[in-house]
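Peer 1: Reproduced below are the annotations present in TrEMBL:
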DOMAIN    23-288  domain 'NADH:quinone oxidoreductase/Mrp antiporter transmembrane'
TRANSMEM  56-76  transmembrane segment
TRANSMEM  96-115  transmembrane segment
TRANSMEM  152-171  transmembrane segment
TRANSMEM  178-197  transmembrane segment
TRANSMEM  203-225  transmembrane segment
TRANSMEM  237-257  transmembrane segment
TRANSMEM  277-304  transmembrane segment
DOMAIN    290-343  domain 'NADH dehydrogenase subunit 2 C-terminal'
TRANSMEM  325-343  transmembrane segment
Amino acid sequence: MNPQAKLLSVASLFLGTTITISSNHWMMAWAGLEINTLAILPLISKSHHPRAIEAATKYFLVQAAASALLLFSSMTNAWYTGQWDITQLTHPTSCLLLTTAISIKLGLVPFHFWFPEVLQGTSLTTGLLLATALKFPPTTLLLLTSSSLTPTLLTLMAIASTTLGGWAGLNQTQTRKILAFSSISHLGWMTIILVYNPKLTLITFYLYCLMTIPIFLTLSTIKTLKLTTMSTAWTKIPSLTATLMLMLLSLAGLPPLTGFLPKWLIIQELTKQEMTLTATIIALLSLLGLFFYLRLAYCATITLPPNSTNYMKQWQTSKSTSMTITTFITLSTMLLPLSPMIFTTS
C-alpha cells in the first residue's frame, strides 16, 4: 500500500475518533463515525485478495446501516424533544434505535455476524484496529447515553454475547476468528455493567485493549494464522511464544494476571446491585471462553508435533517491535497489583 495513502488513512482514523469522543452534538458524532468507516476500508482491502474485498464490502454495508439507524435515532429524538445534545436522549424509540445502532457497530449479539467474517478477511494489524481502536467511539457514545438506556435489554444482550462468544469460539481453528469471538464475549462483560457503573465499562475496555494488543502483535510477529501453524511456531521465537500463553490466560481472566481484575470488579458491582443470579450466570459462561484460551495456550507452548519444521531460532526481533510487545506483555500480565489504585480512582 502507498505510504502516503496509509498515512492519510491512519490520520483520518485519529481524526474521526477524536471528533466522536469530544462532540456533544449528534451530527458531529455521526460525522466522526463516518470518517472512521471510510478511513479503515482501504486498510481492510489493501491486500487485493477476494476475501479482503469481501470483508471490506461487508464492513461498509453493516456500518452504513448502523450509521443510518444512529442518524434516525438522533433525528427522532430532536423531533420530539428539540434536543441534539448526546446526553439528552430521552425518547424511548430513540433509545431503542440507538441501542440497536451501537450494537451493530460494536458487534454485540444478535448483530455479531459480520465481525468474525471481517476479521478473518483482514491482516492481523488491521484486525487489531478493528478489535480495539474502532470500538472506542461507539463505546464512548454508549457511556454518554448510559443513563437513558434500558437495563433489561442490555443485560439480555450482554449474557447472549458472552454465551455466543464462548460457545462459537470452541470449534474454531483460525486464530483471527477466535480473537473475534473473544472480543464479542468481552463486549458482553462491558455491556452488562454499563448502566450501573459506566466508569467500570471504560476500565474494562482499556484493560481488554491492553491484553489484546500484545496477542495480535505476537501472532503477527510469528506469522501465525491457524492453530496448526501455532504448534510449530515455538521454534521461531521461543521466549515470545512462551509469554503468549500468559497473555492468553490473562485474556481468559485467570488470577493473578491482569485479566482477572475487570471480571472481579464487575462481579463485585453486580452483587452490590443485588444481581447475584446475573453475576453467577456470566461468571459460569466465562468458563466457555477459558476452554478455548487454554486450547490456544496448549497449542502454542505445550504441544510438540512429531515432524516440526526446522527453523533458525530467532531470539531477537527488531528493536522497535520487541520494545512495544515487551511493554504490552508486562501490562497485560502484571497489572493486578495496581488494583487498589484503580479502586480509588473509579
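Cβ coordinates come from backbone N, Cα and C, glycine included.
Unlike curated records, TrEMBL annotations are generated automatically.
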Peer 1: Considering every residue in the domain 'NADH dehydrogenase subunit 2 C-terminal' (290-343), what is the mean pLDDT value?
Peer 2: 72
Peer 1: Counting a contact as 3 or more Cβ pairs under 8 Å, with residues at least 6 apart in sequence, do the transmembrane segment (277-304) and the transmembrane segment (325-343) touch?
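Peer 2: Not in contact, no.
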